[in-house]
Amino acid sequence: MNILRNTSYLSVIAAGQMLVIVVGGFDISVGAVIALTSVISTLSIVHFLDVLPDFTITSIVFGCVAGMLIAGLIGLANGVCVAILRAPPFIVTIGTMSIAVGLAEYLSGGTPLYGLPEIFTDTIGRGRIHGVPIVLLIAAVIVTILGYVLTSTRTGRCFYAVGGNERGAHFSGVNVPLHIILAYGLSSLLASATGLLLTARVGSGEATLGSSMMLDSIAAAILAGVSLKGGSGRLSMVILGASFLSVIANGMNLIRVDSRYQVILVGTIVIAAAALDNFKRLRSTNL
């Protein structure tokens, strides 16, 4: 079950990362968005509970919305800077990452934040329905909806068109800036959703939550064959990539491999997969 839970968290954030890569960018800020969502949602839930002690569910909803709203603003800022101001995605998202990390550290004081209601942590974090973790069901719903959008709607086709040939997409009537902004916005919202799920799991708001998931999300996408140049990639394969990484991480934990070596392994996988992607692209060009 631990593998399924970890796959669920990684699948949601990797799905958002895939969207950004498909339109020709990438999002360095997703890990920081997880942390900031965790801190802001926890602070908000606790605050609303103090004001409305008899409205636990309402407080949880308001707190989660507050966290996702901030994440949405970060995604909007990323998208506008990349699509409208034409700033490099790496510079933009590393900047918003720094801002989000700083805010999370400042608001939390560098310590875990407690006080979350048990109905939130026990239901979403550890709850099950007929033996199936609720977090897995939530992730499945999110991924299914996104998969439908990508494969069966004009919006999904426009994402691929923008990444495949931005100029051609523009002349075909696609609103290129809008779809780039939408991709970054969805990436941040999915990272925020991951942050809420992880917060419910650990039972506290933490400024260090999700610190390694940015690299993991990119690794899952690249392993799945999502081209770093944009325009191609299948969500189903991204889920398999996330599953593979979760199995590897769980196996290394079972044999008590130092977590630092796990980070090194993921970094190596990213480099190897990126090099292979570039090799395939060069080979197809030469042919």
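Indices start at 1 and increase along the chain as displayed.
Using the three backbone atoms N, Cα and C, a Cβ is placed for every residue, glycine included.
Feature annotations, courtesy of TrEMBL:
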TRANSMEM  12-40  transmembrane segment
TRANSMEM  60-85  transmembrane segment
TRANSMEM  90-109  transmembrane segment
TRANSMEM  129-150  transmembrane segment
TRANSMEM  176-197  transmembrane segment
TRANSMEM  209-228  transmembrane segment
TRANSMEM  235-255  transmembrane segment
TRANSMEM  261-279  transmembrane segment
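Counting Cβ pairs closer than 8 Å and at least 6 residues apart in sequence, the transmembrane segment (261-279) and the transmembrane segment (176-197) reach fewer than three and form no contact. The stretches the transmembrane segment (176-197) and the transmembrane segment (60-85) are in mutual contact, each linked to the other by at least three Cβ pairs under 8 Å (pairs 6 or more apart in sequence).
Using the rule of three or more Cβ pairs under 8 Å, pairs at least 6 apart in sequence, the transmembrane segment (129-150) is in contact with the transmembrane segment (12-40). Through the fold, the transmembrane segment (209-228) approaches residues 9-11, 13-14, 16-18, 21-22, 26-32, 34-35, 38, 97, 163, 191, 194-195, 198-199, 202, 234, 237-242, 244-245, 263, 266-267, 269-270, 273-274, 277-278, 281 of its own chain, all at least 6 residues removed from its boundaries and within a Cβ separation under 8 Å. Away from its own ends, the transmembrane segment (60-85) comes close to residues 25, 27, 29, 33, 36-38, 40-48, 92-93, 96, 99-100, 117, 119-120, 176-178, 180-189, 191-193, 195-196 of its chain (Cβ-Cβ under 8 Å, at least six residues beyond either end).
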